[in-house]
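Features of the protein shown, as given by TrEMBL:
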type	residues	note
BINDING	His73, Ser114, His115, Ala116, Gly147, Ala148, Asn176, Tyr262, Glu343	thiamine diphosphate binding site
BINDING	Asp146, Asn176	Mg(2+) binding site
DOMAIN	292-457	domain 'Transketolase-like pyrimidine-binding'
Amino acid sequence: MALLEGIRDPADLRELPAEEMPALAEEIRGFLVRAVARTGGHLGPNLGVVELTLALHRVFSSPRDKIIFDTGHQSYVHKLLTGRLDGFDGLRQRGGLSGYPSQGESVHDLVENSHASTALAYADGLAKANQRRGRTDRSVVAVIGDGALTGGMAWEGLNNLVGAPDRPVIVVLNDNGRSYAPTIGGLGRHLHDLRTSSDTWLDVYTRDGHVVEDNLFTNMGFGYIGPVDGHDVSACERAFDAARAMRRPVVVHVVSSKGRGYAPAENDQADHMHGIGKIDPETGEAPKSSGTSWTKVFADELCAVGEDHDEVVAITAAMPGPTGLAAFAERFPDRAYDVGIAEQHAAGSAAGLALGGLHPVVAVYSTFLNRAFDQVVMDVALHRLPVTFVLDRAGITGPDGASHHGMWDMSILGVVPGLRVAAPRDPARLRETLREAVEVTDGPTVLRFPKATAGPDIDAVVRVDGMDVLRRSRGLSLDVLIVSTGVLAEACLQAADILEDQGIGITVVDPRWVIPVNPALTGLAARHQLVVTVEDCSRTGGVGACVGQACADAGVRTPVRNLGLPRAFIEHGDRNGLLADMGLSGEQIARTVRDHHADLCVPARTGAETSPR
Ligand SMILES: Cc1ncc(C[n+]2csc(CCOP(=O)(O)OP(=O)(O)O)c2C)c(N)n1
Ligand SMILES: CC(=O)[C@@H](O)[C@H](O)COP(=O)(O)O
Ligand SMILES: [Mg+2]
């Protein structure tokens with residue numbers, strides 16, 4: 001790896017002769033496979049941008065020239081070329097390199113948000129700032145994938161970028177034909193036609209670039225250069241030079257292949273190793289996973305629901321595999337819709353499907369529902385439409401860090417009139433609440449579950465008014481009511497064991513449907529000295545806040561304390577380690593409950609009250 005080890009800064013790269021680029025690319029590919037096989041990460045996307053990224057850093061002078069990576073999952077090569085070769089052993093681990101650009105890591109990193117389709121907005125703003133400040137000596141370059149280009153924000157960006165022909169921005173479209181799955185819709189078809197219609201890929205550029213007469217981009221007002229071979233460093237360099245010389249908004253259409261140069265990724269028909277865990281670098285094989293994921297439990301039950309409910313249809317935002325909808329699509333191909341990376345459209349289209357008499361199930365990662373909040377409120381809930389949103393990766397996810405933790409869904413959804421949220425604690429409750437959700441006809445429902453292996457079922461001692469009492473106080477004192485949400489039930493029960501041994505009477509209740517607050521919960525709260533709510537979601541506006549509000553509104557004076565995630569961006573790490581950092585392990589919950597109970601300075605009650613039967 002002599003060449004790669006000699007690059008500590010893009011300036012070192014620019015010193016190398018063009019003839020060294022193929023060898024350097026080879027070194028980078030070999031390094032990526034070995035490193036990501038050890039840590040997991042986005043191997044496929046990064047293998048696809050090796051030559052493209054070399055050309056970017058040879059033509060443009062970051063950080064004076066700004067290079068923005070849309071989504072950012074394809075920025076490993078950029079990190080290797082900007083002095084972070086040694087950090088890859090800690091990729092996506094606590095205290096290690098982020099899997100996305102990170103301002104704290106490098107001056108060459110600009111956008112940390114890994115939500116797709118935002119790069120053109122940043123580029124628009126940066127270009128305007130350069131123009132305002134008379135900075136005519138630098139470029140703004142946005143690298144966006146064909147998948148990210150299916151997102152609505154990307155079209156808002158394109159529309160604004162061409163609004164000012166005199167404000168140069170270079171849009172590098174990295175077109176590998178897919179997100180996880182092949183890129184859908186008219187854009188997918190158009191790009192395919194552009195990729196295949198040119199008899200020869202452009203490798204010679206006149207000063208004004210090679211403008212193709214008539215395509216989507218030229219008709220909008222962009223200069224267009226392409227299609228360019230994304231695995232030919234020199235061709236990419238010539239294209240970027242030509243684009244810069246045009247001094248106007250330009251799209252450079254680069255054609256690449258995800259997983260390039262590593263047979264197990266190239267042959268992976270699912271998604272060319274888009275995002276992987278640890279693998280054997282020789283074979284590409286992953287160790288057999290122990291246990292069943294929450295996603296698999298959902299995928300299987302949705303297929304069963306589909307058999308029983310002909311009105312149920314499913315929508316994914318370019319993630320059929322990761323959300324589990326691929327199984328439903330295989331079973332019911334005419335009842336599954338992939339709308340591209342377009343969560344807002346997914347929610348709006350779901351509203352249309354519901355108005356048409358169907359019951360759509362929209363499966364997205366919790367964090368990506370943020371993007372469709374207005375559609376959930378105004379297009380679905382306002383019309384009281386029967387749409388079920390299934391939020392995978394809810395709560396702390398782990399390796400993808402701050403913009404992927406699904407830690408705001410219950411906080412933002414708590415304010416939506418008529419919307420109901422369930423947080424199943426185990427596979428049995430996921431199956432149960434999913435079936436309950438698809439029976440709801442007068443408004444939206446939401447289920448949320450984590451990126452984790454699904455644990456064993458936790459049966460209730462008794463179900464009272466739809467809520468599951470998981471633990472009744474062993475003694476007769478009703479000191480503390482722990483309101484457990486979702487998978488944290490296991491930690492709450494561990495805490496209950498510890499606290500009971502310390503003489504504090506604990507009731508643990510799982511409301512199952514956590515928003516709006518079950519009125520019976522306030523009655524249960526009234527019979528205890530203290531209520532402690534526990535959730536894998538932001539404490540701000542989460543279930544705990546809703547319970548406190550409900551108790552206050554019901555005139556229940558029992559103090560309510562909320563355990564959950566802080567109003568902060570939480571770095572990447574492993575899920576359990578981060579939950580423990582946030583005080584959400586069994587032991588920590590017990591310690592916090594004990595402290596709150598001690599603060600009440602009230603002796604444990606004896607006898608008079610009755611535990612819920
Ligand atoms: C708003 C949003 N929805 C979903 C995702 C999940 N996601 C991460 S990468 C990806 C596919 C990106 O495809 P593309 O832009 O073509 O980049 P490629 O992986 O092909 O390089 C998706 C859907 C996301 N990051 N942001
Ligand atoms: C980049 C992106 O948003 C996704 O690829 C994300 O990495 C999802 O990862 P998991 O599916 O492993 O949770
Ligand atoms: Mg793509």
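Just so it is clear, glycine is given a Cβ too, placed from its N, Cα and C backbone atoms.
The structure, with features from TrEMBL marked on it.
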| residue | record | contacts (Cβ under 8 Å, 6+ apart) |
| --- | --- | --- |
| His73 | thiamine diphosphate binding site | His42, Pro45, Asn46, Gly99, Tyr100, Ser114, Gly275 |
| His115 | thiamine diphosphate binding site | Thr71, Thr367, Phe368, Asn370, Arg371, Ser403 |
| Asp146 | Mg(2+) binding site | Leu173, Asn174, Asp175, Asn176, Gly177, Arg178, Ser179, Thr183, Leu187, Gly188, Leu191 |
| Gly147 | thiamine diphosphate binding site | Ala116, Arg178, Ser179, Tyr180, Thr183, Ala318, Gly340, Ile341 |
| Glu343 | thiamine diphosphate binding site | Ala317, Val364, Phe368, Leu369, Arg371, Ala372 |
Number of other Cβ atoms within 10 Å of the Cβ of Asn176 (thiamine diphosphate binding site) across all protein chains: 26
For the domain 'Transketolase-like pyrimidine-binding' (292-457), mean pLDDT (0 to 100): 98
Binding-site residues close to ligand 3 - of His73, Gly147, Asn176, only those whose C-beta is under 6 Å away: Gly147, Asn176
Among His73, His115, Asp146, Gly147, the binding-site residues whose C-beta sits under 6 Å from ligand 2: His73
